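According to Swiss-Prot, the record shows the following:
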MOTIF     7-35  motif 'Q motif'
DOMAIN    38-224  domain 'Helicase ATP-binding'
BINDING   SER51, VAL52, THR53, GLY54, SER55, GLY56, LYS57, THR58  ATP binding site
MOTIF     172-175  motif 'DEAD box'
DOMAIN    252-406  domain 'Helicase C-terminal'
Amino acid sequence: MGKSLEWADLDYELQPWIKKAINVSGFDSMTPVQASTIPMFAKNKDVVVESVTGSGKTIAFVIPILEKIISEGINNSKFKKGHFYSLILAPTRELSMQIQNVVSSFLEHYPEDQYPIRSQLVVGTNEKSVRDDVNTLLDERPQILIGTPGRVLDFLQSPSVKTSSCGMVVLDEADRLLDVSFFKDVEKILNVLPKQRRTGLFSATISSAGTLIFKTGLRNPVKITVNSQGKNAPTTLNLFYSVMKPEEKLQNLIHIMNNIRFKKCIVYFSTCVSVTFFYQYLKYLQQTDKTLREDLQVISIHGKLTTQSRRKALSTFTESLSDCILLTTDVAARGIDIPDVDLVLQIDPPTDADIFLHRCGRTGRANKIGRAIVFLNEGREEDYIPFMEVKNVDIEETDINKNKISNDNNDEFYQRFTKWLLSDRANYDLSVKSYVAFIRYYSKHSATSIFRLQSLDYVSLGKMYGLFRLPRMPEITKYLQDKEKSGETVVGYYGEGWLMNPPPIDMDKYAYQDKKREKARIEELKNLAQINDKKKLKAELKKKNMAWSSKTMTKEERQERRKKLDLKRKAIELEIAAEAERDESDTEITQDWKDEILQKKKKKKVGSEMQGSFDDL
């Protein structure tokens with residue numbers, strides 16, 4: 001018989017104000033992971049929790065922390081200044097802020113007549129320094145700290161911050177916190193905390209952390225795994241894939257945005273610069289070209305934005321009442337809980353298979369229906385589907401690209417794209433940066449048997465970014481050379497990097513709309529022209545005097561060789577002379593040595609003759 005999911009059936013009584021917070025939030029019953037985790041974590045057990053995305057893991061550790069603060073009597077004025085009771089670590093600022101919001105939503109119902117329970121956010125921002133965070137700890141005396149590893153480590157290194165009262169630690173998205181980019185900081189943080197503490201690790205893919213989980217100071221942990229019928233994705237989440245050429249991806253994205261109904265959609269790109277580039281182009285299509293519906297709100301967020309910008313963008317997306325689309329990177333892939341996200345699109349699969357689940361998990365949360373679609377390039381990338389099946393993730397093909405885009409429509413779309421690029425050289429520069437960044441990203445894919453640079457269609461990929469001329473890159477040079485050797489024709493490539501014939505513009509006359517940038521470009525062009533003339537003159541002089549130069553070099557080489565031979569000859573003569581002197585002084589020893597060898601030879605000869613005579617007997 002399964003564990004009861006009724007809040008009333010917990011084996012201990014929840015605080016009345018926590019019950020009220022649960023009721024106000026609309027959590028009528030517990031999720032399976034909450035029913036399994038809350039009793040364990042609240043009763044002095046270390047836990048390692050693996051559960052599908054959107055299953056309520058945050059509540060599963062927030063309630064035990066609040067309960068323990070009450071039961072341990074931490075909510076009183078005697079709690080020491082500069083101390084804290086619990087620490088929650090998360091890999092991103094966005095997830096940290098979300099956890100802070102969940103804690104705050106519970107504390108809104110905390111009795112005003114009792115000593116307050118407070119939480120503090122400790123994340124890197126341009127607005128606050130580490131010193132400011134320390135002052136907040138000293139002034140407000142929060143019992144709960146929530147933050148990212150880098151900032152928390154700097155924070156804990158302050159002599160004013162005392163760690164001896166820390167009784168509970170949570171690693172949310174633990175597999176990410178234990179990978180190479182965070183592990184050193186996390187390890188240092190855990191080393192300065194008391195060993196006698198409760199530790200909880202939470203993630204949808206904790207198994208990928210392997211043996212590293214044992215380096216977190218766990219003591220007799222309880223492993224809690226909650227899957228949906230043996231699958232690694234919730235049953236309310238429908239996973240789809242669509243196979244197409246790279247150049248068709250953007251056109252399909254716009255088709256979905258214009259024709260498929262959704263409230264909120266998250267679109268994942270590979271790199272920060274790609275988010276910026278496609279955001280600018282989509283805004284152009286919406287405001288100028290009028291081919292993207294005007295009632296759709298388009299927002300972007302990525303890791304290179306300031307904390308304030310990221311926070312504002314995420315808040316706008318979360319609170320928007322109109323149809324809304326968020327262009328982002330994996331910065332918004334883990335743990336972020338945004339209501340009403342009913343569609344997730346991945347323009348390319350992530351480098352890590354675990355990230356695929358985290359991306360998809362932004363929809364289909366809290367038993368709501370969600371759809372997630374990943375775009376795959378034609379060819380080798382189609383093997384990604386059986387690859388994910390091995391990881392218990394079933395993905396069905398969707399008919400979004402069933403009616404293949406006609407060449408005429410594709411050409412028309414591409415020409416409209418290049419028209420935007422041609423309007424300002426800055427657009428082209430951003431396109432090139434996005435293209436190059438994607439190739440670098442692709443080269444670092446963990447599933448190298450599927451995602452190989454040798455199999456990438458560089459020309460079609462260039463058209464996806466609107467490029468009319470490919471940049472010079474070793475990868476592209478090798479790609480073209482391999483095609484030439486095999487006798488294959490590269491469709492859509494017209495030599496010297498051009499993807500359009502005739503070339504749509506003279507690159508020397510390709511201008512920036514920004515006057516300062518254009519002036520700097522013209523100056524640089526003049527300087528390069530002078531340098532190029534000098535190089536050309538030097539090349540011609542070298543060509544004219546090539547035979548003479550060769551002869552001169554040969555003559556010099558001969559002279560140098562003679563000098564070396566003379567020196568070598570003299571060195572040999574000196575060595576011979578020295579040997580002769582040694583021979584004269586050691587004549588007797590040498591003679592004795594020769595005599596000894598002769599005697600040995602004679603003995604061998606006699607022995608051989610004697611052996612022969614014995615054989616004759």
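Glycine residues also receive a Cβ, built from the backbone N, Cα and C atoms like all the rest.
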Mind checking which residues reach the motif 'DEAD box' (172-175)? Cβ under 8 Å, same chain, six or more beyond either end.
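For the motif 'DEAD box' (172-175), the list is 48, 57-58, 61, 88-91, 95, 99, 201-203, 205-209, 213, 216, 334-335, 354, 358.
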Looking only at the domain 'Helicase ATP-binding' (38-224), what is the mean pLDDT?
90
Determine how many residues of the motif 'DEAD box' (172-175) DSSP places in helix, in strand and in coil.
2 helix, 1 strand, 1 coil
Mind telling me which of the binding-site residues GLY54, GLY56 has the densest Cβ neighbourhood, counting other Cβ atoms within 10 Å?
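Most Cβ neighbours within 10 Å: GLY54.
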Determine which residues of the same chain, besides SER51, VAL52, THR53, GLY54, SER55, GLY56, LYS57, THR58, have their CB within 8 A of the center of the CB atoms at the recorded ATP site, and list them by sequence.
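Neighbours within 8 Å of the Cβ centroid, excluding SER51, VAL52, THR53, GLY54, SER55, GLY56, LYS57, THR58: THR31, VAL33, ALA204, GLY361, ARG365.
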Under DSSP, the motif 'Q motif' (7-35) has how many residues in helix, strand and coil?
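Across the motif 'Q motif' (7-35), DSSP assigns the residues as follows: 17 helix, 0 strand, 12 coil.
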Name the secondary structure element type, per DSSP in three states, that contains SER51 (ATP binding site).
strand
Which of the three DSSP states, helix, strand or coil, fits THR58 (ATP binding site)?
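Once the DSSP labels are grouped into three classes, THR58 (ATP binding site) ends up as helix.
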